[in-house]
C-alpha cells in the first residue's frame, strides 16, 4: 500500500503522516503484480476510517516524492464497495512505477504497492531499489534492503543492504530525522487525542509514538506525553493513599491494564503496561500484576514477528510497519493505535 503513508508488498502515499491519516488499505494490486493490455483487473481495498462519501481510484506513477496522476480507473464509488473493475487500456506506457491512489481527500489517501503495466512499448530496465518502482532510496529512507525496499533502520541498513541503490551509495542508519521548520507531523497537526508525533511522522498516543524518536516540536503542546499516560498520572496523584501495605490477591489484580504479563514482557509498569525494559521493571513497577509476582526483567527477549509492510508517505518516506502501523511493536510497553 503506498501512502504520502507506505509500501507493504503494498504502499501508502500520504506522508509518513499518521498511519491513522490513511482511510484505506489498498490490498490489490500488490508488489510484483503485472497488468497487461486488454486484461480485466481489479483494485481492492478495505476501509479503515472512512471520511469520504465517495472515492476515486486513481492511477499514478513516478517517484514517491512526486507521484503524477495519469487517469481515474473508477470514479465516485461508495467506499464500502471495496473493489474497482478495470480493463487495461492500450495507450498506457509500459513501466514499472505505477501505483493506485484511492480516496477524495488527499490527507486520507490510501496507496497500493508499486506494480508493473505492460501495454504500450517495452518495459524500462529497473535501475533502482528493486521494489521501489525503479527509484533509488532518498535521504529520508536511505537504505535499500536485501528485500528491495527503502528504509532507515538497521533492518534496512544492515546485512543485505545494497549500497548501489542506497542514498549516497552508503548503508548507514541516519543519525536523526531531517530538520524541518514545519510544526506538522507528516501533513497533519497532532491533537490532544493523538498528541505524539513519532519518528516516522505519525500522530498517536501509544509508546511507539510518544517514546523513543518522538518529535516534541511536532507534537501537541510541544510534548511527547501520551494522553493515557497523563490521565493515569493524574489519577494516581489525586487518588487517596491506601492504608494497606500488601497487594490485593483478587484475580482482577493479576491483569496489567487489559492483559496479563508473560515471561517475555514480565513487568507491569506504573502505567499498567507489560514490558521488559527498565521503565517497566524499575520504579513504579507493580509486582502484584507482574509475571510470577516480581519486578525482575526477563532474560528472554523476544520480538513479535514483523510483517513485511512498508508505506510511502506524502513526503515520500517509507515506514517500517507495523504499523502500516503501520508500526511494528515488540512485547514491551507498546500499545499501537494502528496506524508508524
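Including glycine, each Cβ sits where the backbone N, Cα and C put it.
As recorded in TrEMBL, the features of this protein are as follows:
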SIGNAL    1-22  signal peptide
DOMAIN    126-173  domain 'Chitin-binding type-1'
DISULFID  129-144  disulfide bond
DISULFID  143-157  disulfide bond
DOMAIN    182-226  domain 'Chitin-binding type-1'
DISULFID  196-210  disulfide bond
DOMAIN    253-297  domain 'Chitin-binding type-1'
DISULFID  267-281  disulfide bond
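Location within the structure of each feature annotated in TrEMBL.
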residue	record	DSSP (3 states)
129	disulfide bond	coil
143	disulfide bond	strand
157	disulfide bond	helix
196	disulfide bond	strand
210	disulfide bond	helix
267	disulfide bond	strand
281	disulfide bond	helix
Listed disulfide-bonded residues (143, 157), ranked by Cβ neighbours within 10 Å, top entry: 143
Out of 129, 143, 144, 157, 196, the disulfide-bonded residues in the record, which is closest to residue 267 (disulfide bond) when you go by Cα distance? 196
So how many of the residues in the domain 'Chitin-binding type-1' (253-297) end up helix, strand or coil by DSSP? 12 helix, 6 strand, 27 coil
Going by DSSP assignments with H, G and I as helix and E and B as strand, what are the residue counts for the domain 'Chitin-binding type-1' (182-226)? 10 helix, 6 strand, 29 coil
Would you kindly give the Cα-Cα distance separating residue 210 (disulfide bond) and residue 157 (disulfide bond), rounded to the nearest Å? 24
For residue 144 (disulfide bond), which residues of its chain lie six or more apart in sequence with Cβ-Cβ distance below 8 Å? 129, 130, 132, 136, 137, 150, 156, 161, 162, 163, 164, 165, 166
Counting other C-beta atoms within 10 angstroms, the emptiest spot among the disulfide-bonded residues 129, 196, 210, 267, 281 is 281
Just the number: how many Å between the Cα atoms of residue 210 (disulfide bond) and residue 281 (disulfide bond)? 19
Integer Å value for the Cα distance linking residue 281 (disulfide bond) with residue 143 (disulfide bond) is 35
